[in-house]
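S.K.: What Swiss-Prot records for this protein is below:
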- 23-534: topological domain 'Extracellular' (TOPO_DOM)
- ASN80: N-linked glycosylation site (CARBOHYD)
- ASN106: N-linked glycosylation site (CARBOHYD)
- 167-211: repeat 'LDL-receptor class B 2' (REPEAT)
- ASN175: N-linked glycosylation site (CARBOHYD)
- 212-257: repeat 'LDL-receptor class B 3' (REPEAT)
- ASN316: N-linked glycosylation site (CARBOHYD)
- 365-401: domain 'EGF-like 1' (DOMAIN)
- ASN475: N-linked glycosylation site (CARBOHYD)
- 556-647: topological domain 'Cytoplasmic' (TOPO_DOM)
Amino acid sequence: MLWCPSVLVPLIAVAACLPVLAIGTPLEWEFAITLKSKILFVDEFWRTLASAAHEFDELSALTFDETEELIYFNDQQHRNGSIFSLRRDALMASHIAEQAIQRTGNESVGGLAYDPLNRNLFWSDTLQKKIFFASIDSKVTETPKVLVDLSQEGARPDGVAVDVCRRKLYWTNSNITHPTVESIDLAGTNRQVIIDTDIDMPRGIVVDQLSDRIFWIDDLKGVFFALKSARLDGSDRQLVLHDKHHEPLNLAVTNDAIYWTDKTTKAVWSHPKVPIVKATTTTSPVKAEEEDATETIPDIEPEPVAEVSALLRVANLSEEARGIVARTGFYQRLQKDEHCANIVRKVKERLDLMTKKKQMRSLVDEKTAQLERDHCLNGGTYIADRVLCICPTGFKGSRCEIRECHNFCVHGTCEISDRAYPKCYCQPGFSGERCEISKCSGLCLNGGHCKLEDISEKPSCECPHNFAGERCEQNSTEICALFCRLLKHEADIYVPFGCHDICEELAKDASDKIAIPQYHHLEVCMTPSPWTSNVIIVLVLGIVSCFFLVAVIVHGFRRLYKPKRPRIRKTFVVRKQARTNSSGDTPLTNRPLATEQCEITIENCCNMNICETPCFDPKLVEQTLAKSSNCKEDKKILIHNMDDDLY
């Protein structure tokens with residue numbers, strides 16, 4: 001990579017000529033890394049875009065102001081200045097470095113943080129054991145103020161981080177006798193120790209506004225180190241990574257990963273923000289093709305793999321890696337966040353006010369202003385004095401020309417989430433962050449066809465001939481060949497019945513190695529049985545039909561020849577008068593006797609309730625018997641005579 005010689009200007013302003021890159025705009029870089037003698041800018045694929053600050057000798061910490069596209073960094077050996085600002089010019093393809101904080105003595109900056117609302121810089125001094133802050137709007141010669149003095153406590157402040165939304169400062173105390181993680185309001189009040197147990201030597205720390213958590217590096221005893229996280233109040237502590245043979249210094253977080261610099265390997269490493277129980281350092285190095293070369297990630301379609309190492313070496317560097325920052329999209333991602341929306345609005349108002357103060361333009365400037373307003377696409381806000389666009393939700397790029405959902409979901413529908421990140425809703429049969437993983441991918445072997453269930457979407461395989469199993473992984477030809485080879489040596493071995501044809505085919509080419517199994521009654525087994533299911537069904541239906549027909553015939557005969565209701569048979573016995581009434585008989589002492597006494601014997605009188613023998617008029621009975629009457633008329637006559645002729 002070719003660089004033009006740098007030119008020194010007053011206030012240590014430096015303009016380094018860079019070759020004009022096709023992607024050389026300020027918003028193209030995603031990570032900035034401080035090496036010993038320069039700052040390296042890389043894109044999201046860790047390809048080197050540019051470098052800057054070559055005139056410095058001992059760089060360490062750095063921080064990034066996304067509102068004004070400024071990087072603040074520290075030089076440990078500069079005579080006059082301690083902290084500097086770096087601005088990249090997109091049009092000139094150059095950078096300008098200016099002194100921001102004057103050196104006050106033999107100081108050593110451990111961590112650096114920036115508050116975009118009040119435009120204050122915060123840094124820790126590991127030698128003086130204090131945390132300082134200063135406004136970048138103040139004079140360079142103005143003495144910084146002390147926010148926290150830890151010199152009397154024996155503490156050693158190391159990493160610092162600003163919670164812009166909740167107006168707090170977090171720092172790590174790396175004193176091995178009593179290490180802590182503490183917080184304080186940016187106004188200097190309400191100091192709290194949020195973590196003081198199960199910690200050895202905390203180093204770099206960062207606040208993740210997207211997840212409302214803090215992440216820090218813990219340099220453990222021996223050769224071990226750990227990445228840990230907790231909520232902003234210190235609760236819900238999690239171990240993200242525990243590994244060895246690293247000397248990490250500073251870290252940065254993005255939406256889904258953590259990145260840190262390692263002095264031992266001179267590299268940048270990454271790991272997912274999700275806690276992993278166990279991880280092993282990857283041994284696949286990234287080859288450096290030239291100075292400060294980084295790994296180029298090929299632009300290929302990701303494929304599902306069985307297992308991927310969580311720890312990744314993303315960049316090999318030619319010098320010792322120290323500080324690192326990442327572009328988080330703070331003003332785009334947190335416009336709707338309940339804690340950050342007010343801060344984002346105030347920062348935008350301040351930027352608009354700064355822009356309005358400088359809008360004293362001529363007619364030529366008005367034409368230029370129109371071009372500037374058209375510079376930001378899709379409703380982006382143009383910051384004139386910084387030559388950058390603040391994009392609305394769902395867009396990115398130097399001119400907000402890139403729609404984040406464009407080609408993001410491979411097999412699904414893309415929507416912008418509440419966090420302003422693209423989110424995919426996958427089609428049936430696909431999964432993954434971008435719906436790039438097919439449930440059928442690599443499932444069916446040996447030419448099997450994969451299909452999905454309609455409801456459960458569970459994949460299954462339709463196997464070709466001579467293959468079986470859930471994934472068509474079982475080759476029946478190979479299995480049968482094994483049985484038939486064993487049969488050649490052991491005649492009594494059992495061979496599955498389906499292997500007969502396969503072994504017979506294989507024996508044509510290798511008859512000396514393959515034996516054909518002989519089955520008893522093979523012809524009978526091969527001949528299809530006549531008692532198939534269709535025959536059985538027809539036979540059963542015939543038998544049932546016969547039984548039904550017999551039942552109908554029997555019922556018809558019973559209805560036809562059903563016996564009639566039994567008739568009531570009557571027997572009449574007529575006798576002469578046995579005795580005459582005596583003078584003492586009265587109707588109350590003896591029943592009156594007719595001239596002739598009658599007696600009736602009734603059989604089969606199931607429908608009558610006659611408790612005593614009634615008397616009948618013999619003449620009436622004779623008339624009745626002479627007539628052809630039915631049972632009902634007989635009953636009426638009997639009952640009538642009982643009621644009328646009892647006495």
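Every residue, even glycine, has its Cβ placed from backbone N, Cα and C.
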S.K.: Using C-alpha positions only, work out which of the glycosylation sites ASN175, ASN316, ASN475 is nearest to ASN80 (N-linked glycosylation site).
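M.R.: For ASN80 (N-linked glycosylation site), the closest Cα among ASN175, ASN316, ASN475 is found at ASN175.
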S.K.: Have a look at the glycosylation sites (ASN80, ASN175, ASN316, ASN475) and report the one with the fewest Cβ neighbours inside 10 Å.
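M.R.: Each of the glycosylation sites ASN80, ASN175, ASN316, ASN475 was scored; lowest Cβ tally within 10 Å is ASN80.
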S.K.: For ASN175 (N-linked glycosylation site), find which of the glycosylation sites ASN106, ASN316, ASN475 come within 10 Å, Cα to Cα.
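M.R.: Near ASN175 (N-linked glycosylation site) by Cα: none of them.
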S.K.: Quick one: average pLDDT across the topological domain 'Extracellular' (23-534), no decimals.
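M.R.: Reported value for the topological domain 'Extracellular' (23-534) is a mean pLDDT of 82.
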S.K.: How big is the gap, in Å, between the Cα of ASN316 (N-linked glycosylation site) and that of ASN106 (N-linked glycosylation site), rounded to a whole number?
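M.R.: With the alpha carbons as reference points, the distance is 32 Å.
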S.K.: Per DSSP, ASN475 (N-linked glycosylation site) is which: helix, strand or coil?
M.R.: strand
S.K.: What's the CA-CA gap between ASN106 (N-linked glycosylation site) and ASN475 (N-linked glycosylation site) in angstrom, rounded?
M.R.: 76
